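*Asks:* Sharing a structure below in structure tokens format, with a few things to ask.
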């Protein structure tokens with residue numbers, strides 16, 4: 001920046017450099033936080049490498065399609081199980097284990113079969129009957145009937161018992177039904193376990209529930225998908241209505257912001273006044289009633305809170321609390337009236353700025369697209385990492401002196417291996433799904449890295465959007481003659497500056513936030529494991545840590561947002577921008593609080609208006625309650641599917657529009673504070689604020705026409 005350097009003093013007395021040529025976002029700037037930019041590039045390269053490794057080892061078909069204990073898919077063309085589409089569990093009871101959720105498999109032998117069992121048989125009875133050939137098809141492929149009963153059950157060659165089953169999503173699950181409120185399989189309420197004992201049907205239910213949970217979810221998903229296929233165009237119409245309403249609300253804020261704020265303030269005062277009046281009337285009505293003069297201390301704690309409503313002292317306490325709130329609000333209005341007017345003026349000015357930079361309303365689509373890419377890559381990598389486990393077989397033997405017990409083995413080569421000769425009674429049996437290689441041991445670390453990179457990249461995308469919008473709206477504020485001095489393409493210029501010069505700064509801010517978010521995820525993971533432990537101190541410490549990191553995340557988001565605005569305007573590095581923004585806001589903390597609450601109220605009102613209106617309209621339409629178009633609405637399995645989609649989509653659309661508007665308000669506010677401290681209204685240092693703001697502050701530009 002050229003020109004003679006002078007100094008102006010902030011309210012805290014610190015000298016600040018003044019540049020007389022400054023008229024908005026600086027174009028002559030250099031790259032900032034280059035080291036963080038390099039780190040981000042290396043991290044992305046590492047992230048791609050992790051994805052490639054995961055895609056090489058993982059197989060998401062394990063989640064979708066049934067696989068037997070050897071990891072082979074059932075019913076897949078080109079495999080030896082092509083004509084066996086159903087998965088049969090040897091012991092469905094073991095599916096009740098929590099390992100099902102972690103490993104995507106039940107810890108019991110599983111084979112692919114052509115049909116599910118349709119009769120009740122035990123191995124002991126079937127072997128000496130004419131049902132033996134039928135029973136053998138549910139044993140492992142290649143089973144030779146040359147072992148004793150104990151050896152067969154020990155080696156997991158055959159199931160101990162067959163129960164009548166029905167196919168559901170390519171799995172054989174017990175055909176359990178209720179008869180007069182009693183659970184039964186066939187005509188029995190108990191079943192033989194194949195080891196000479198009998199068990200209750202409820203144990204089968206627990207196992208079937210765990211194995212069937214994901215399958216029921218899939219059926220529900222199919223019905224939901226059918227609802228989407230017949231209602232998608234009506235959903236789009238609802239979202240278009242939400243978009244039009246959001247845009248219309250922002251346009252109307254230019255004219256109605258002041259009215260809405262003051263009406264809300266008056267309503268709050270009236271509601272509190274009515275509350276005080278109602279408390280006084282209840283206090284008067286209870287005078288003389290039996291038991292109403294008992295004090296709260298004498299009554300003590302009661303689980304039925306309605307008891308307190310019969311005491312005069314309760315209504316007196318309510319009346320005092322409401323009176324204090326009423327007085328506080330009135331005093332705040334008296335002393336903060338001017339600051340409320342400034343906040344309203346800034347909101348109106350933001351509506352004008354959005355109108356001049358209309359393409360900013362479309363930028364959330366860019367952010368949404370980039371976030372979808374981040375989510376898709378993270379989810380895909382997470383699924384591939386989760387399905388990287390392999391079927392692990394280990395050596396088992398009843399003789400504890402066998403030196404190879406617990407070692408990994410290959411079931412196909414084990415009979416001819418040295419381990420088999422060393423321990424003749426040993427057998428190679430399926431143990432679990434996992435892996436013992438370095439890659440499998442590093443899976444947890446890779447999942448944490450995957451989550452961390454997702455947070456970093458997602459925060460970077462949102463930071464890029466904030467800097468882009470801040471630069472565009474700052475160009476509007478620092479245009480002395482609006483909109484004539486506004487650049488031709490302010491949004492594109494701001495976007496290119498952010499990527500060209502400040503990728504490192506954006507990565508720095510996103511990195512800090514990603515670290516905190518990753519720690520929060522780890523704390524949640526640890527908290528889930530501590531729930532089973534009866535350690536009150538550990539639970540208390542965990543709660544404190546979660547609360548502290550939640551507050552830290554909120555503070556960092558606030559600091560980052562304002563730091564990005566300063567980066568967009570001045571082109572300084574992240575730390576300098578964060579420091580300058582923080583002290584600028586602290587010097588105007590009351591204005592910050594007032595503006596924040598006023599904008600929060602308006603955005604809440606706007607979201608409730610958009611989401612509520614569109615949601616109610618969708619409810620009446622999809623439930624066939626609008627007679628004029630009653631026959632037009634589609635028939636659905638679940639009418640709440642399109643309704644919830646419209647409501648959530650409307651909220652996201654409204655949030656996207658209002659996030660742009662909120663960024664505009666915050667940017668104009670920081671520019672306004674800088675304008676007040678930097679300029680004095682002289683010909684050399686004119687105010688860039690609007691004429692309405694200058695009028696509120698009794699400021700004028702000498703020898704210059706009003707903006």
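Counting starts with 1 at the first residue shown.
Quick reminder: no glycine exception, Cβ is built from N, Cα and C everywhere.
As annotated by TrEMBL, transmembrane segment applies to 34-55, 232-252, 259-277, 315-336, 356-379, 453-480, 501-523, 564-586, 601-624, 636-658.
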*Asks:* Name the range, of those listed as 259-277, 315-336, 356-379, 501-523, that has the largest tally of Cβ pairs under 8 Å with the transmembrane segment (453-480).
*Replies:* 356-379
*Asks:* When you look at the transmembrane segment (501-523) alongside the transmembrane segment (34-55), do they share 3+ Cβ pairs under 8 Å, ignoring any pair fewer than 6 residues apart in sequence?
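*Replies:* Yes, the stretches contact each other.
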*Asks:* When you scan the chain for residues with a C-beta under 8 Å from the transmembrane segment (315-336), skipping those not six or more beyond its ends, what do you find?
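*Replies:* Those are 265, 268-269, 272-273, 275-276, 279-280, 282-283, 286, 296, 309, 590, 594, in sequence order.
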*Asks:* Which range wins on Cβ pairs under 8 Å with the transmembrane segment (636-658): 232-252, 259-277, 564-586, 601-624?
*Replies:* 601-624
*Asks:* Under 8 angstroms, Cβ to Cβ: which one of 259-277, 564-586, 601-624 has the largest number of such pairs with the transmembrane segment (232-252)?
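*Replies:* Stretch with maximum Cβ contacts: 601-624.
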*Asks:* With a Cβ cut-off under 8 Å, give me the same-chain residues at least six positions beyond the ends of the transmembrane segment (259-277) that come close to it.
*Replies:* 318-319, 322-323, 325-326, 329-330, 333, 340, 343-344, 598, 601-602, 605
